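Trainee: Okay, these came from Swiss-Prot:
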BINDING   GLY58, PRO59, SER60, GLY61, CYS62, GLY63, LYS64, SER65  ATP binding site
DOMAIN    26-268  domain 'ABC transporter'
Amino acid sequence: MNLMAERSLENAVGEKMNATASSIKMRGEKVCVFYGEKQALFDVDLDIPEKMVTALIGPSGCGKSTFLRSLNRMNDTIEGCRIAGRITLDNEDIYDPRLDVVELRARVGMVFQKPNPFPKSIYENVAYGPRIHGLARSKAELEEIVVTSLQKASLFEEVKDRLHDAGTGLSGGQQQRLCIARAIAVSPEVILMDEPCSALDPIATAKVEELIDELRQNFTIVIVTHSMQQAARVSQRTAMFHLGNLVEVGDTEMMFTAPTEKRTQDYITGRFG
């Protein structure tokens, strides 16, 4: 290979490495989580790529939800919980004492296992976040945010004639999409989803899964799921947890067809879990 070709190859490799580095939205480094004296996570190193869906899988109690909650400091609300290691968002340490946790949770939104709409109207459920964060300068701007968020959550057409009805009056699947619209409304960069379909029927689950695929065009998504089929359908990256350890992480297709770790193979094939 001549010198020009070598330099061209080096430049191409360098550009690829830079692109890869810049595409990491969040990063966990040696993350350990303790509940009192009990250690729930052990030295977890995990990168969350930008504008992709990363699925966290593993048996109950493996630490996947604990790690998820660490990504926007929801574990701060649990008495006796402490974290060691480092988690960054755009290379900024989210556990820096100077960091505004309210602002962090606006940037890293959360959708919980059970739909939890506020006891307010559909409109007010979505308008609440933008209003308290000062994202709308007028009533018209606020209305635009509400409508756009409901559209992005694939819910607007179903509720446009009853925006002032109670959000709690919607079906379970609609309530979950309302919660997703509520998260979207404050313009997050990352959306965390903790088993968002576990309380939904198959039809509602399919709608939420379609929505997740659409949302990844604009948002980085991390989802905890017990459903191997769901992880395979919606994610591009999968991380396997077991007994508080990150066992393996990789492209979803490779993880489900040719995992390198026996524990991953055994879990995916139903030998334990």
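Here the Cβ of each residue, glycine as well, is placed from N, Cα and C on the backbone.
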Trainee: Return the single residue from the binding-site residues list (SER60, SER65) that has the minimum number of other CB atoms within 10 Å.
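Mentor: So among SER60, SER65, the binding-site residues given, the one with the fewest Cβ atoms within 10 Å is SER60.
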Trainee: Which number gives the other C-beta atoms within 10 angstroms of the C-beta of PRO59 (ATP binding site), all protein chains shown included?
Mentor: 15
Trainee: Say we define neighbours as other CB atoms within 10 Å of the CB. Which of the binding-site residues GLY58, GLY61 has the fewest?
Mentor: GLY61
Trainee: Averaged across the domain 'ABC transporter' (26-268), what pLDDT does the model get? Just tell me the whole number, please.
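Mentor: Residues in the domain 'ABC transporter' (26-268) carry a mean pLDDT of 96 in this prediction.
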Trainee: I'd like the number of other C-beta atoms within 10 A of the C-beta of GLY63 (ATP binding site), please.
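Mentor: 23, counting other Cβ atoms within 10 Å of GLY63 (ATP binding site).
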Trainee: Quick one: which residues besides GLY58, PRO59, SER60, GLY61, CYS62, GLY63, LYS64, SER65 have a Cβ within 8 Å of the ATP site's Cβ centroid, in sequence order?
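Mentor: For the ATP site the neighbour list reads THR66, PHE241, HIS242.
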Trainee: Could you tell me which of these binding-site residues, CYS62, LYS64, has the fewest other Cβ atoms within 10 Å of its Cβ?
Mentor: CYS62
